[in-house]
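Pulled from Swiss-Prot:
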ACT_SITE  Tyr149  active site, proton acceptor
ACT_SITE  Lys153  active site
BINDING   11-39  NADP(+) binding site
BINDING   Ser136  substrate binding site
MOD_RES   Met1  N-acetylmethionine
MOD_RES   Arg21  omega-N-methylarginine
MOD_RES   Ser46  phosphoserine
Amino acid sequence: MDLRLAGRRALVTGAGKGIGRSIVKALHAAGARVVAVSRTQADLDSLVRECPGVETVCVDLADWEATEQALGGVGPVDLLVNNAAVAFLQPFLEVTKEAYDMSFSVNLRAVIQVSQIVARGLIARGAPGVIVNVSSQASQRGLTNHSVYCSTKGALDTLTKVMAVELGPHKIRVNAVNPTVVMTPMGQAAWSDPQKAKAMLDRIPLGRFAEVENVVDTILFLLSDRSSMTTGSTVPVDGGFLAT
């Protein structure tokens, strides 16, 4: 199925590794013009070697002023994927101010800021656009040691709905994807303990974790005009976890 993404200009945050990097590669392969955002220059440099022509921006999205300076003049953007996120796994009684502040700065505040930049540009141009926020199954379930992470993703789901309501009249669609554990290198390392993995897999009706392409394919569909009537949705990519 041709998603007709060729020629569209897309901005992807958290583009240096994992899901974000794979999103950039898929968009590039589909003919989109991609702006890749990461806080790690070495990751961006290697990404450009893989995908010549990709534009890069190196900035720490936890820094509001630096983000404004780096992205304020990014130019016209048609598609935005807010993928950047951090996760500090701490028991509730041991949550630190530093983990709380960093988590909400990156997982929620940066989404607001970058989305504002892109949406204002779309409205000024009178152009339609699409925003996809990468959330998590953790937004809708209580997971041990994930109190702050779950909170940020729950807030992101609600933000997605509000953005869809307010930006819809401007022909800007906003959706979220909510993956289960994804088999990125980080995911593989975090869930390598068979006992830990079994406890989660037993809660997934399909009995497996998600592959990166499962998430990327869903995001590309939501970015495309094939989903032109879909906005304000949180789309599980979880093998049925949230259905249980």
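In case you wondered, yes, glycine gets a Cβ from its N, Cα and C as well.
This view paints the features noted in Swiss-Prot onto the structure.
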residue	record	DSSP (3 states)
Met1	N-acetylmethionine	coil
Leu11	NADP(+) binding site	strand
Ile19	NADP(+) binding site	helix
Gly31	NADP(+) binding site	coil
Arg39	NADP(+) binding site	coil
Ser46	phosphoserine	helix
Ser136	substrate binding site	coil
Lys153	active site	helix
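Per Cα geometry, Arg21 is the residue among the recorded positions Leu11, Arg21, Ser46 nearest to Ser136 (substrate binding site). For Met1 (N-acetylmethionine), the same-chain residues lying six or more positions away in sequence with a CB closer than 8 A to its CB are Arg226. Cβ neighbour counts within 10 Å, taken over all protein chains shown, single out Lys153 as the most crowded of the recorded positions Arg39, Lys153.
Rounded to a whole value, the Cα-Cα separation of Val35 (NADP(+) binding site) and the residue listed as 'omega-N-methylarginine' is 11 Å. Cα proximity to Arg21 (omega-N-methylarginine) (within 10 Å) is found for the following binding-site residues from Leu11, Ala15, Gly31, Arg39: Ala15. Between Gly31 (NADP(+) binding site) and the residue listed as 'phosphoserine', the C-alpha separation comes to 19 Å. Rounded to a whole number, the distance between the Cα atoms of Lys153 (active site) and Ile19 (NADP(+) binding site) is 16 Å. Geometry remark: Ser46 (phosphoserine) versus Lys153 (active site), CA distance 29 Å.
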